[in-house]
Amino acid sequence: MFAFKNVLYFQAGLGVLANMFLLCFYIFILIGHRPKPMDLISCQLSFIHMMMFLTGGDLLLTDIFASLNIDNDFKCKATFYISRVTRGLSICTTCLLSVFQAVTISPNTSVLANFKQKLKKYMIYVFLCIWSFNLSYSSNRIFYVRGFTNVSETNQMQVTESCSLFRMNYIIRVFIFTVTTSRDVFLVGVMLITSTYMVIILCRHQKQCKHLHSISHLRASPEKRATQAILLLVIFFVVMYWVDFVISTISVLLWMYDPVILRVQKFVMYAFPTISPLVQISSDNRIIIMLKNMHSKHHQRFF
């Protein structure tokens with residue numbers, strides 16, 4: 001158990017560092033250079049994932065609340081609310097990233113080509129809608145989260161060492177479950193559709209390039225590298241999300257959260273925010289060039 005807890009801390013540390021590096025890089029690009037529309041989405045996704053670790057991974061808020069002697073109920077409500085908000089923002093932003101990449105690589109003769117300029121124009125409004133929905137929708141959960149008490153009550157379920165989830169009214173529970181599931185199924189469905197579309201576009205493009213260019217030219221294409229990275233992220237996200245969803249649903253239905261299951265769920269939940277920045281870093285040619293230049297300058301100074 002102690003060894004697995006260390007794995008979680010290592011995962012959180014790696015995730016925070018990778019997302020912080022990616023966030024700083026995209027902020028630098030957005031401020032000082034000509035950013036791509038995709039950079040704004042990736043920047044937001046890095047920020048969301050970093051907040052997921054710092055608030056939900058018992059790294060930041062727990063220590064701050066402990067030092068300020070803040071009430072345990074408030075601590076539980078704040079951490080649970082931020083955790084729910086960032087989780088919703090993560091799936092929405094990942095879906096937006098997949099849709100935008102599918103539109104970007106679509107041929108000029110396709111129907112999606114008409115949305116290329118519209119997506120860039122209304123990107124800020126899409127962000128506002130995503131944030132507004134998740135901030136408001138997740139607010140209902142704070143009424144059912146409190147500090148854990150040692151008193152044995154059948155209507156409370158311990159979800160962390162110091163926090164408990166209390167039973168909701170049946171109608172409210174069904175409503176929240178239906179809305180959440182419908183939202184997530186819709187977004188995952190959109191991601192799978194756009195991923196399938198991107199695979200078809202890539203296969204078609206590869207066949208054309210076999211007749212016109214060499215395979216090496218195709219492999220060097222930045223668009224293909226970015227598309228492959230997003231496809232990998234989407235597939236990994238969908239798998240991890242549904243594993244997390246199954247664990248959460250079974251635990252709520254059985255009204256029981258075993259400590260081992262809770263730690264496994266944490267590992268699954270933070271797997272995507274850990275892998276995502278690493279895949280983005282390895283697939284972004286600008287980051288690779290920047291790291292090579294930094295390494296060469298450091299090498300010259302050393303020798």
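Cβ atoms here come from the backbone N, Cα and C positions, even for glycine.
TrEMBL labels come from automatic prediction, so no person has curated them.
Features of the protein shown, as given by TrEMBL:
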type	residues	note
DOMAIN	18-280	domain 'G-protein coupled receptors family 1 profile'
TRANSMEM	12-33	transmembrane segment
TRANSMEM	45-68	transmembrane segment
TRANSMEM	88-110	transmembrane segment
TRANSMEM	122-139	transmembrane segment
TRANSMEM	185-203	transmembrane segment
TRANSMEM	229-255	transmembrane segment
TRANSMEM	267-291	transmembrane segment
Exercise for the section: Using a Cβ cut-off of under 8 Å, list the residues of the same chain at least 6 residues beyond the transmembrane segment (185-203) that approach it. Expected result: 91-92, 94-95, 98-99, 101-102, 105-107, 224, 227-228, 230-231, 234-235, 237-238, 241-242
Exercise for the section: Could you please provide the mean pLDDT value for the domain 'G-protein coupled receptors family 1 profile' (18-280)? Expected result: 80
